[in-house]
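In what follows, a structure is listed as structure tokens, so that the remarks can point back to it.
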Amino acid sequence: MSVAKKEYKRITVKSLVDMKARGEKISMLTAYDYTMAKIVDGSGVDVILVGDSASNVMAGHETTLPITLDQMIYHASSVVRAIERSLVVVDLPFGTYQSDPKEALRSAIRIMKESGGHAVKMEGGKEIKESIKRILNAGIPVMGHLGLTPQSIYKFGTYTVRAKEEQEALQLKEDALMLERAGCFAIVLEKIPAKLAEEVAKSVSIPIIGIGAGNGVDGQVLVTHDMIGMTHEFNPRFLRRYMNLYEDMTKACSQYKDDVKSGDFPSDNEQY
Ligand code: KIV
């Protein structure tokens, strides 16, 4: 007996470049586990980012620095098992690509081999150029990440808007051109002035995906847990909340607790 299966056209790195060329905006959200990835993929979102923000969201760390390569592979492989259509991009975590290009390639190969992800994302510009080239030469697609790069939080000192000063804006524009020339298929721009982000998007042919970078770019990314209001202490101006799950889930848990305490749950119909 054959089971009819829905046919999905999978999103590839080329699809994203084509979307930019025809002016279609790209949607990207994070997921770190199977259940969330099933929902995000089923919703038609183009790209799922297995972000190292899992370090904050899933593990409760203050920064993205502690998450390990093994932990990223665990999250990414859970996501990959769920998806039918979306492109899965996996963050290379802090400390796995900054020291030398050979180590960077080894880390990227482990992500691709052990998780089944489709591409990696790396934070930084000219300082990681050789590592990016080494990974691209091995046939692994790379997404760049400029602007606020959380893995360098201790260098910046704060999570405020980046590249407001002319010198930093100039460097960011040069880095974006370098990433395009090196062969990256897209770049995330995080928390920079909208005007600068639009300028960068116009200067390159690869997609620019913004988070806190305004509407003049080629796509948007948000952390899903923030977007659905499951987190509630993080309230940056760029975040649009589509639900308030923190409140709804707290109410549900509290109602469940009351029902157990009062003996209302389980009812006659909820037992064997
Ligand atoms: O780790 C992450 O979730 C990210 C996005 C914020 C772009 O890098």
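Note: Cβ is positioned from N, Cα and C throughout, glycine not excepted.
Cross-referencing Asp33, Asp91, Asp100 with the 3-methyl-2-oxobutanoate binding residues that TrEMBL gives (Asp52, Ser53, Lys121) picks out Asp91.
Selection of the binding-site residues Asp52, Ser53, Glu123 by a Cβ distance under 6 Å from ligand 1 yields, in sequence order, Asp52, Ser53. Rounded to the nearest whole angstrom, the C-alpha distance between Asp52 (3-methyl-2-oxobutanoate binding site) and Glu123 (Mg(2+) binding site) is 11.
Highlighted in sequence order, Leu49, Val50, Gly51, Ala54, Thr64, Met72, Val90, Leu92, Pro93, His145 have their Cβ within 8 Å of the centre of the Cβ atoms of Asp52, Ser53, Asp91, Lys121, the residues recorded for 3-methyl-2-oxobutanoate, and are not part of that set. Residues within less than 8 Å, Cβ to Cβ, of Asp91 (3-methyl-2-oxobutanoate binding site) and separated from it by at least 6 positions along the same chain comprise Leu49, Val50, Gly51, Asp52, Met72, Val120, Lys121, Met122.
Here Glu123 (Mg(2+) binding site) is positioned 13 angstrom away from Ser53 (3-methyl-2-oxobutanoate binding site), judged by their C-alpha atoms.
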